[in-house]
Structures are given as C-alpha cells and as structure tokens.
Amino acid sequence: MPSIASLRLIDFRSYAALDAAFEPSVVALYGPNGAGKTNLLEAVSLLAPGRGLRQAGVGSLARVEDGMSQPAWGINAQLHSLEGDIDDPTRISIGQVPEHPRKRQLKIDGRPATGPELARRLSLLWLTPAQDRLFSGAASDRRKFIDRYALAFAPDHGTNASRFEKARTERNRLLSENVSDRLWYEAIEADLSNYGARVAQARMTTVTNLQIEVSARKTAFPQSLIGLDGNLENRFADGADLTTVAEDYRAQLASTRSIDLRAGRTLIGPHRTELHVTHAEKAMPAALCSTGEQKALLIGLILAQARAVHDKEPILLLDEVAAHLDAVRRAALAEELLDLGLQIFMTGTDQSLFSDFGARAQFFHVADGALANLDGMEE
Amino acid sequence: MSKHSVSPEIDRLISLLAKLPGLGPRSARRAALALLKKPEALMKPLALAMGDAAENISTCSTCGNVDASNPCNICATPTRDNTTICVVQDVSDLWAMERAGAFRGQYHVLGGTLSALDGVRPEDLNIANLIRRAGEGRVAEVILAMNATVDGQTTAHYITDHLETTGVKVSRLAHGVPVGGELDYLDDGTITAAMKSRRPF
Ligand SMILES: [Zn+2]
C-alpha cells in the first residue's frame, strides 16, 4: 500500500489552509504544545475508516473562527503510487460539505467511496497519549485496541464487528421489552453467532500473529505476553473451527435466553472479551507496571504489529512518544523505526527529541497553523 | 477475475477507462470489450481521434475554453459582444450555453468551484484571470452562471466580492434554475429564460 505524498488541509481544526509534501520515511513534527502537531496527525488518522485518533465527531473538526465553525472542511491526501504504469496517484478526500453538516464525506479520486474501499488503500497504526491508560482503563478500550489491529489481518473485521453489534442491540431490545417470540430470537441469534464467531476468530488470529512478532525480536522495549479471555476466543484457542464455534454460540444463546431475559441484555459473547497483556520478563500484569513501563510495552506492541502487517505498508502515527523515553530507549526506537522502512509521522515538543534520526528523517517545525520544512539535522 | 488471466494490454486499457467520469471498473470492462470487438470500426478511429485531440487541443489562455486555437474561436470572433462576460464552472457549461444559443458575449471558464472537501482553493481556479479581464475597461457586465449548488454559490459570492473594485455590473442567472441544478442538465429553453431574467448579484 502506498504512503502519503502530500496533504492539503482546508479549514480543518487549527489549519485554515495547509499544503505539505512528505517523504515515504520518518516525518518528525516538532513545535510547542498547541501548535497543531496532533491536529496534523489526526488529519492523517482520518484517512482510515472511523473517527480518527481523537475519536472526534464530524461536527467538531471544522476550524472555528470568531466563535463560528466553518461550514465545510477538507483533508486531501495524494498517495505515493505503487502502480508505475499509470501516472496518476490516488487522491483521498475526507471532509464535510455545508449541505450535510452531520455527515462525513469520503471520496477516492473524486468519486464517493466507502470505508472498506478506503481501508484497501491505506493502512494506519497509531499510538497516542490517550492510550497511556489502556491497560488500567476500561475493557472496552482494550477490545477497541485489538479490534483496530485486527483490521489489518481481517479486512472484513470492521463490517463483522458492526453487524455483530447491530444484532446484539436488536436482541437486547427484545430482551428488555420482554418479547417472547422464539422465531424472532432465533433469526437474530443466527446473525449474532455468525458474526460473533468471526469477530472472535479475527481477534485470535491477531493476537497469535502479534505474539509471534513480539517473541521473534528482542528490542529495548519489554516483551509482552498477550492473551484473550472470552467465551468464543477460548474455543478457538482450544482448536475449534469457525463453524463449530458459531453453532455452539448459537445453541448457547438459545439456552441462556431466560437468564438474559432477567438481565435484560445479552450476557455471553465477544462483547465481554478481555485482552490481557503481561510484562513477560517481570511476569507482571501490564496494569500493575509503572507508567513508563506501560508506555514501553505499548511501543513494543505497535512495533510488533507494524512488523506483523509489514506487507501492507502501514503508516505509523506516534504522538508524543519520544518524550516519555530515556536516551537509550529513544535511540533504540529510532533504529527500530528506521529499520521498518515505513512512513512514520512523529510529534514532539523539541527537535532534540529526534536527534537520533540525524539526516534520516524529514523535519517540520509546526507553529501558528503552518509547517516549515527543515533539512535533516547534522549528525 | 484474476489479474494474471488478462493480458497487460487489456488490463491497462481497463484501468485507464475506469478513471473516466461515470465509468467504474465494471463499466470500464464493458467499454474495453466493446472496443476490442470493433477494432477497425471503433477502436482505431477512437485512438486516432484521441491522439488528434491530445495533439491539437489546448486551453484558451484568455477564457479557459478548450479549442484547436488559442485564443479560442469564441474569444477570436469579432462579432461577439466583448462587453459582457459569462462565467461558467466548466467547459461543459459553456457548451450548454452555446447549444442553447442564449448568449452572444464572451465566456470565462473557472475550471470548478471552491470546495474544502475536494481541496479546491481560489488559486486553483481561473479567478485571477477573470478579475484582470473584468478590469480591462471595455467590460460592462459579468454574468455569473454557476450551478445552484452550495459550492457554486459560495464561489459566486467569492467572485462578486473580488469584482467589487472593478466597478463592473455583476449579475446572475436566476429564474428557472432549480436549487442544486447544473447548467449542463438544463434544456435550451430554461437556459435562455434564465439568461433573459438575470438579476444583480
Ligand atoms: Zn477563449
């Protein structure tokens, strides 16, 4: 998959108008807090299906001037093309038009497109300060984390997960309204079990691949033991196949209907799965590790994921990552990232945080809604 | 269809056709097949016509029209009224106006509309040229014939603001053009009526 050759922002967040061209390698963005570095990373993150790295609603992305949101905004990305024979690289347009203020518009090469079409063009991975609480926070955040990684292994994962959620919402409605129509439940449970099993299978595949990559390479970042604990995931771990897991889940849903009726919701399924991460060397659950070690574990995971899906050439977005590391780990991270050979956008408050990259990165100073391109630093 | 089962020549033809507006991969495959079935009657004449057009057609540096001469035939016709400029979004709109025979002045083709979503900014459009032309003295009226879409009207406002300093009269088509309507899709009668009932912007 290609990387981002250039980016044009119009009325997006702090940027009235921005044009920037990027190399398909490490892009270091530095500048004071509030200068708009994360906004730029967010713009890139919106080139993947979903709400981007801030999980922001479409209405909150327009630039605000004199207290008024601009009626339209746009992110236009030109991709470095891989197909050399047709000299017309793909252009992705994301934004909002005044006619439909609540709807995010998406175009590929000027034509309306869908999220899955976008996912086939670009693969993105990110690490942000918001993930610092991943291990100690809500289980749903950890499921979201692994589900995002799963998209790279199973392109249908997003669709399957939303179909599962839709079926679960339907069933919960019947349960909470005390509906007793057996055939209605059975129809919903057929979908629920089918998509639920696919969701669980994709997660298992992801965790398995991720663990292989984590164990295969010793870096300056601690190795994790990654595990999933969920009814369906555990079946896959025991070697059951997709059909069996789906059929058994369906039978289970039928037999627990009366219990679910009392609870008013579906109690068993991949929506209850827990992702467990353990610091391998210390044999300590990640949530009990120091803040610094949790960050290091996360970096280890994103590096492993980048290696695991390397053939898809994911673009990495690392927001304020270097600042948390000591000099040794910072140098190690630079080598790991350069070794990946991917396009990687990094932010930091100070240029010196990226000194390990020397001349091997593209540097931009971010200030006042503008980018200034600077040559690589002297070694 | 696997990529390897189709020859690279056909694959390339389909990929290029699929880039045309209105054609997706599926209709591009059908179009490619239709061409391949009629090499003498269709494909070679089309290739010739395309080569010819690519070789000889250029954009008029005055108005933005496409023609075999520069300035274009419309700009170069002395009998046309050169005190009025009709501003259109695209060449297709100019063609629609000419088909209707509703206008005997000069044109100015913007090449699109302002659009944050599509990344189109004022400097990407043929606006600076229009302001220069309007300020040349002989021009008395600029008629904005943009589509009745939000982007079209935003662009019209932007241009009106910039034309203020030139002192020329700025008007727009109004009557009969439906909201969201595009000039290219209107019948000749509607265009003529809209042109006659233009009003100050
Ligand atoms: Zn001309």
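Positions of Cβ are set from backbone N, Cα and C atoms, glycine also.
The domain 'AAA+ ATPase' annotation in TrEMBL covers A:23-369. Sequence annotations record features per position, and here TrEMBL assigns ATP binding site to A:Gly31, A:Pro32, A:Asn33, A:Gly34, A:Ala35, A:Gly36, A:Lys37, A:Thr38.
When Cβ atoms from all protein chains are considered, those within 10 Å of A:Gly36 (ATP binding site) total 25, not counting its own.
Across the binding-site residues listed here (A:Asn33, A:Thr38), the residue whose Cβ sits among the most other Cβ atoms within 10 Å is A:Thr38.
If you average pLDDT over the domain 'AAA+ ATPase' (A:23-369) in this model, you get 93. What surrounds the ATP site, by Cβ distance within 8 Å of the Cβ centroid and not counting A:Gly31, A:Pro32, A:Asn33, A:Gly34, A:Ala35, A:Gly36, A:Lys37, A:Thr38, is the set A:Asn39, A:Thr347, A:Thr349, A:Val366, A:Ala367 from the same chain. Other Cβ atoms within 10 Å of the Cβ of A:Gly34 (ATP binding site), summed over all protein chains shown, number 10. In this structure, A:Pro32 is the one among the binding-site residues A:Gly31, A:Pro32 with the smallest number of other Cβ atoms inside 10 Å of its Cβ.
The DSSP secondary structure for A:Lys37 (ATP binding site) is helix. Fewest other C-beta atoms within 10 angstroms, among the binding-site residues A:Ala35, A:Lys37, are seen around A:Ala35.
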